[in-house]
Amino acid sequence: FFRLPIVTAFSWLVSQSVLAATVKMPWTEWLKQQTHICHSSGGEKTKTKFLWNKDDKPFNLSDPRIIVSNNGGTFRIPNDGHISHFQGKYRCFASNKLGIAMSEEIEFIVPNTPKFPKEKIDPLEVEEGDPIVLPCNPPKGLPPLHIYWMNIELEHIKQDERVYMSQKGDLYFANVEEQDSRNDYCCFAAFPRLRTIVQKMPMKLTVNSSNSIKQRKPRLLLPPPESGSESSITVLKGDTLLLECFAEGLPTPKVAWDKMGGDLPKGGESKNNSVDTLKIENVSYEDKGNYRCTANNFLGSATHEFHVTVEEPPRWTKKPQSGVYSTGSSGILLCEAEGRPEPTIKWRVNGLPIERNPFSGDVISPGEISFTNVQPNHTAVYQCEASNVHGTILANANIDVVDVRPLIQTADEENYATVVGYSAFLHCEFFASPEAIVSWQKVEEAKPLDGRRYHVHENGTLQITETTEEDAGSYSCWVENAKGKTAVTANLDIRSNFILILLCINGHKASTHFFPGRIIIDGANLTISNVTMEDEGIYSCSAHTSFLMCVSVFPLPEYIVEFEGNKEEPGRWEELTRVQGKETTVVLSLAPYVRYQFRVIAMNEVGRSQPSHPSGHHETPPAAPDKNPQNIRVQASQPKEMIIKWEPLKAMEQNGPGLEYRVTWKPQGAPVEWEEETVTNHTLRVMTPAVYAPYDVQVQAINHLGSGPEPQSVILYSGEDYPDTAPVIQGVDVINSTLVKVTWSTVPKERVHGHLKGYQVNWWKTKSLLDGRTHPKEVNILRFSGQRNYGMVPSLDAFSEFHLTVLAYNSKGAGPESEPFIFQTPEGVPEQPTFLKVIKVDKDTATLSWGLPKKLNGNLTGYLLQYQIINDTDEIGELHDINITTPSKPSWRLLNLSATTKYKFYLRACTSKGCGKPITEESATLGEGSKSVGKISEGVNLTQKIHPVESFEPGAEHVVRLLTKNWVDNNSIFEDVIETRGREYAGLYDDISTQGWFIGLMCAIALLTLILLTVCFVKRNKGGKYSVKEKEDLHPDPEVQSAKDETFGEYSDSDEKPLKGSLRSLNRDMQATESADSLVEYGEGDHGLFNEDGSFIGAYAGSKEKGSVESNGSSTATFPLRA
């Protein structure tokens, strides 16, 4: 079947806080987006579509500024600065092919940041004894609004019967005194839901002293004199009525209240900051009437009357009910609501006013719709909307016109059983439209059942009373209407009276005993037939042999009494008490103001029985609270502020209506009166004059019936501020190269401005003493809890300079840092070398190579090389030491080793402080007659950096070795060592500077360079561009072109051939030389190609100057090989 849509949920979701239909944007960062959700239930076969209206106009879900999901049932408005454009009243419509359901209307408000206007407030000057009013005029914002009058030091302006702050926030003085003079009267407006507090510009009040202060009779300032002697007040039922009267006069008038023609509500008159006000909570219709306040002093009186009217938003008394109808039938929809003023009832069909979709024959009135001759087009969702000036409520009712053959919902061939003499119930639940007739018959008789023992209920269930064994058998349930009929079969089993069988485990089988009548004992079995009430009791079974005798006793059951009545979790049953033995009654301790329902469960060793049928509801009378809130605490707050929180009373602990919490506080131990405020939630924000000051705080539960027990005081502290002073570092003691001890002076308690949590040490490395290199600032932090004046700082780098500071921190945060203290760490032992490799082995020698440690931790003095024999036996050879005193030497050749022997090598790097951890390597020497083995792999280890070559002494020999990155057996590489001799290169170029062709070439290059520079200068002045590439193309240098044309070989793992005629490219990424017409590379500097006598030094790394052009090619020098 298809099903009409029903709006089952309509809500606004806020990422961290639900604010009904109001959000605070865009100035609160924690609120990221607003989500609007509309859920519906429309059946599995009916796809639901969602539409939204904003301000009674279709809302465009394709707006790119919103994110739509759930087929339009959900859309989110990200907080990207445009959220205020979406303010308005929203309504959701859920539709399918059968109708349209609609939600109530919810208003989405994005309030602006409340601000006091920037204004210049003129100073006020009055005579002593005169009245005055300081206006606040707070800005509009999201309620609730809390107003405070304080001075610039955030100290509250004291209020009493002479000084009073009205509900609108104005500060009234009945008569001023000299002590009222001050220039910093500040009005603060707090908006808790916006987490915003704004301050009005300070006001200056000057009170001039007078020698002749005139006394005068009272004159009302509240209500304002312009309102006359009476005013009207409207309050909603259930809200709180607050009437205030304040009069000026000298002496200060006293205010009293009375209700004309009746009595004041009990406890209604309350003193608030020593000023009489009238406060009535949870207002009812009985509270309407005329109230009068009278202000008196000995010179006279003044009065004002309040005409109080109680009104109420709409509430349902009869909501329209959904129904299923058949074609041609009739029905009625009722819709009644109460409220003051009386609500207006409007009907809609599928979200549209019913006037647009009238049905002939239907009678429509504000309270009902009467259907006559219902037709299929009546299938729709009908909405009833009741509204008055205080609100609107909406109810949906589904009218479904269906004509189908009966559908039986009870399964076929269900089995039922009962005992002779008891009633049997055979179920036949069905759905039918038009209405159907239900009949039952026995299958074998094929005729309807008839007789007083048979009764068919409206839901189709057959009840057979006083059953007999003849009632057993199969029954058919037939449901028939105008569209057809359907049947199911049910099977009934009738059993004789109960037979109770008791078994005794391990029983000795005795002879069978027959008791007269119903009881039979057959060995271990006791059988009782036709059990009656007289058989109730305790039975025991004993079994014995020559070795063992046992007795089993079945105890009486235990009863568990459960209740349901928790308003917070309706429908949840909780255990209340347990009853032992034969007791069938119990006296229960109950909580006041709870609507109880009870049930009983029996329990024995086997388990629990099914619960009994619940009792009727029993409501206990209300009472005053009998406990106060627990876990009173202060939440993290701002300086000079306390946010007091506590665990609210649960619904079962409230004891009555109108639960509130009376919070009182005062400075700890101070002989002053308690300050007080009553709230309905479980949090209160209090402004305090001092930072982190202790306060005595009490929280008492109250309701309409009275107050809870006398509350206990707890000590809470006002909000913390940051520490405002820094410790002084007294010294840094160096323990070793990586550990120091820091001592400092503690911060005075009064300068911490909170609970001292500890001290924080910050340090950073400034430079290494090894190479003097400056390090970027990277601050390390270590915290020490509690009140202490020293700390150990570990994991420092050895042989380095550090800066160190100390600061105090509390729960608010960290205070200022101390002046940096500079200290140095001494040398330490190095880390282990980065690698150790055996690069060549022979029968009696081994060559080792290694890398420098990552951290030297001081000046490297050398290495300690150790080795020993580790052949595959349990014994190991003697450890031999070699001290290598040349730190720059990266390799060592060991001699006089034993052939065909496995060795383990240990290498440690050393400083003046000792040697570090060793790095190890293992290798075996070769046997007699074996060829020496070098270990190379992966090809040549190319580097990207070209190191400058120092000037060679003429005639000296220098060796260039080609090494590889890793090691494999490749003898050819080791045997073809490339060597160059400095004297050979010198002879090659001895007389080049005296050759005529060389001088001519240099002159030509100089002339071309001058011409090109001139052309470049001219083109640049004309806005042209100079292309080096064009010049190179037009004037190629022969030597450079020759170098480009030459083919260089490449070395790879797969090509293990010795180097032959020329040196291959050692660095494919080597930068190219400068352009051929430039002589810069031949100038002075560390990287020149020629030494003082003009000889070539074997490296080509020209210095680049500004404006030089780089080539993407590569160029290397070609060396002759030494044969």
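For all residues, glycine too, the Cβ spot is worked out from N, Cα and C.
Because TrEMBL annotations are produced automatically, they should be read as predictions rather than curated entries.
Model, not experiment: these values are computed from the prediction.
What TrEMBL lists as domain 'Ig-like' is 5-107, 114-206, 218-309, 314-400, 406-493. According to TrEMBL, the domain 'Fibronectin type-III' annotation covers 522-623, 628-721, 726-828, 832-929. Taken from TrEMBL, the feature transmembrane segment covers 997-1018. Under the heading compositional bias 'Basic and acidic residues', TrEMBL lists 1029-1047. As annotated by TrEMBL, compositional bias 'Polar residues' applies to 1109-1123.
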The domain 'Ig-like' (114-206) resolves under DSSP into 6 helix, 37 strand, 50 coil
DSSP puts the residues of the domain 'Ig-like' (218-309) at 6 helix, 58 strand, 28 coil
Here the stretch out of 114-206, 406-493, 628-721, 726-828 with the most C-beta pairs under 8 Å to the domain 'Ig-like' (218-309) is 114-206
Mean pLDDT across the domain 'Fibronectin type-III' (522-623) comes out at 77
Per DSSP, the domain 'Fibronectin type-III' (726-828) contains 4 helix, 54 strand, 45 coil
Secondary structure split (DSSP) over the domain 'Ig-like' (314-400) reads 6 helix, 51 strand, 30 coil
Reduced to three DSSP states, the domain 'Ig-like' (406-493) has 3 helix, 48 strand, 37 coil
DSSP assigns the residues of the domain 'Fibronectin type-III' (832-929) as 0 helix, 48 strand, 50 coil
